[in-house]
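Engineer: Handing you this structure, nothing more for now.
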Amino acid sequence: MLIIYCVVLIISVGLFAYSILYIMASLGRKMKVDGVLEIPDGGDAHYDYDLFVIGAGSGGVRAARFSAQFGAKVGICELPFHPISSETIGGVGGTCVIRGCVPKKILVYGASYGPELEDARNYGWEINENVNFNWKKLLQKKTEEIVRLNGIYKRLLSNAGVKLFEGEGRVVSPHEVEVIQLDGTKICYSAKHILIATGGRAQRPAIPGQELAITSDEALSLEELPKRAVVLGGGYIAVEFASIWRGMGATVDLLFRKELPLRGFDDEMRAVVARNLEGRGIHMHPQTSISELVKTDEGIKVRTSHGEELIADVVLFATGRAPNSKRLNLEAAGVELDQIGAIKVNEYSQTNVPSIWAIGDVTNRVNLTPVALMEGSCFAKTVFGGKPEKPDYDNIPCAVFCIPPLSVVGLSEEQAKEQANGELQVFTSTFNPMKNTISGRQEKSIMKLIVEAETDKVLGAAMCGPDAPEIMQGIAIALKCGATKAQFDSTVGIHPSAAEEFVTMRSETRRVPAAGKPKTNL
């Protein structure tokens, strides 16, 4: 009898201990990384999806596909397709594919042919004086291309086994998403993890008559090509559209608040871009804003902050973008936002609610399509791949597709000056591109390297001139690998090419002391 009692007691104690351990495990079932990241595994709860993504732009599609490849059951929702976005219109592919990088680059190509035709004359091409440009044809081809890409993105999702829902997604709780379908019906889906990838949206400044202006969305789909355009803004969108319209023959006035456009880029390169824009016939209005827009019989009257009046067919507001978070109902789940509406995340793209994550422009970190792709890849590896990975924001190359383009990677001279512990060496090369020597175009290219004097490490590179983005992609690899100036110098150049200048800049242009203001040779 005593033996049976002891056995029963042992079993009871064992079951009790097991129950306690099970409860503790259930309550604390999270993967901890670096003391920063906690990934809940959902315990034994049943969810419709392992991951539900709101937003099928570049970052959202990448995260969905890669997560599915790791074995996750994934759903994703996106607003119906249209070239011009609104709060209820979007499209698979997102801003970059439908109303951003891709259609913009197509228009840049189209605008480049006008000056190229002029340059061709000195290369022996006898061109009829009556060369016409058909804006509607280019617009049609652009639209056909983005429709094609929209279809490709949908097939990528389908081939990865991702379920696509067309409609507006909203967060209901830390594990629930509501999709408002096209007919207005609402369906809720539960998910172990929710990823927000809704991007950003163009903003309009509060200016009297602002309803008369357009944003970059509409600029890519104008019914008629403007003959007179006023562009407000000094960022990359502003200078790109100024270049596009000028290349197509329009009269363009560019208004911006600072002394130079492209705030945040290297000052020396900003000055080069400004000079090139002016050389191409764009009227520059530094330290100028718009006070009022008025509709008249002649067009839109633009009153500037200096009292000047301009008449335009189109006024473009290119004054910034804001995170697209207003309609997500994030407060229902307690997700924290910053003062401009960007979703706050940690180094792994996780919000303060452990089951909700965010990537891309809606987080307002580095607002570039390739960065959103990187963040989407890192998210999938972290949550479903078993290999937590933080996005790496060092040495991200980028380009401004004005004509000619600007491209940079690493630190600007101003940034290097702030971060340097010692002296900096600046190497520059300004030259007339070989093509221009025959065409007669008076437009210089400039290349620049910023080097840490003590270590010889190349900290930054920049170029303004034809093919700059294509060249800079290769330079970015070198900087990512920690290349030194000596390694640049020991590399054999490709001759004749503009790119070889990056490996033949032997003479130091100037040396910037640890505590001193950067100077330019302009």
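Glycine is no exception: its Cβ is also placed from the backbone N, Cα and C atoms.
Per TrEMBL, the feature transmembrane segment maps to 7-25. Annotation comment: TrEMBL describes 49-376 as domain 'FAD/NAD(P)-binding'. Among the features that TrEMBL reports, disulfide bond is placed at Cys96-Cys101. What TrEMBL records for Lys105, Gly169, Asp361 is FAD binding site. Marked as NAD(+) binding site by TrEMBL: Gly233, Gly234, Gly235, Tyr236, Ile237, Ala238, Val239, Glu240, Gly320. Positions annotated as domain 'Pyridine nucleotide-disulphide oxidoreductase dimerisation' by TrEMBL: 396-505. According to TrEMBL, the feature active site, proton acceptor maps to His495.
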Engineer: Under the DSSP assignment, what numbers of helix, strand and coil residues are found in the domain 'Pyridine nucleotide-disulphide oxidoreductase dimerisation' (396-505)?
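Structural biologist: Helix, strand, coil within the domain 'Pyridine nucleotide-disulphide oxidoreductase dimerisation' (396-505): 36 helix, 33 strand, 41 coil.
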Engineer: I'd like to know the mean pLDDT over the domain 'Pyridine nucleotide-disulphide oxidoreductase dimerisation' (396-505).
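Structural biologist: Mean pLDDT, the domain 'Pyridine nucleotide-disulphide oxidoreductase dimerisation' (396-505): 97.
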Engineer: Please report how many Å separate the Cα atom of Gly320 (NAD(+) binding site) from that of Gly169 (FAD binding site), as a whole number.
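Structural biologist: Gly320 (NAD(+) binding site) and Gly169 (FAD binding site) have their Cα atoms 25 Å apart.
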Engineer: About how far apart, in whole Å, are the alpha carbons (Cα) of Ile237 (NAD(+) binding site) and His495 (active site, proton acceptor)?
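Structural biologist: Between the alpha carbons of Ile237 (NAD(+) binding site) and His495 (active site, proton acceptor) there are 34 Å.
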Engineer: So which one is it: of the binding-site residues Gly169, Gly233, Gly235, Gly320, which has the fewest other Cβ atoms within 10 Å?
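Structural biologist: If we count Cβ atoms within 10 Å for the binding-site residues Gly169, Gly233, Gly235, Gly320, the smallest count is at Gly320.
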Engineer: Out of Lys105, His495, give me whichever of these recorded positions has the highest number of other Cβ atoms within 10 Å.
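Structural biologist: Result of the Cβ crowding comparison: Lys105.
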Engineer: At the Cα level, what's the spacing in Å between His495 (active site, proton acceptor) and Lys105 (FAD binding site), rounded?
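Structural biologist: That separation, Cα to Cα, works out to 28 Å.
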Engineer: Please report the distance from the Cα of Gly235 (NAD(+) binding site) to the Cα of Cys101 (disulfide bond), rounded to the nearest angstrom.
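Structural biologist: Approximately 14 Å lies between the Cα of Gly235 (NAD(+) binding site) and that of Cys101 (disulfide bond).
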Engineer: For Gly169 (FAD binding site), which of the recorded positions Cys96, Cys101, Gly233, Val239 has the nearest Cα in space?
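Structural biologist: Smallest Cα separation from Gly169 (FAD binding site) among Cys96, Cys101, Gly233, Val239: Cys96.
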Engineer: Pick the one among the recorded positions Cys96, Cys101, Ile237, Val239 whose Cβ has the fewest other Cβ atoms within 10 Å in this structure.
Structural biologist: Cys101
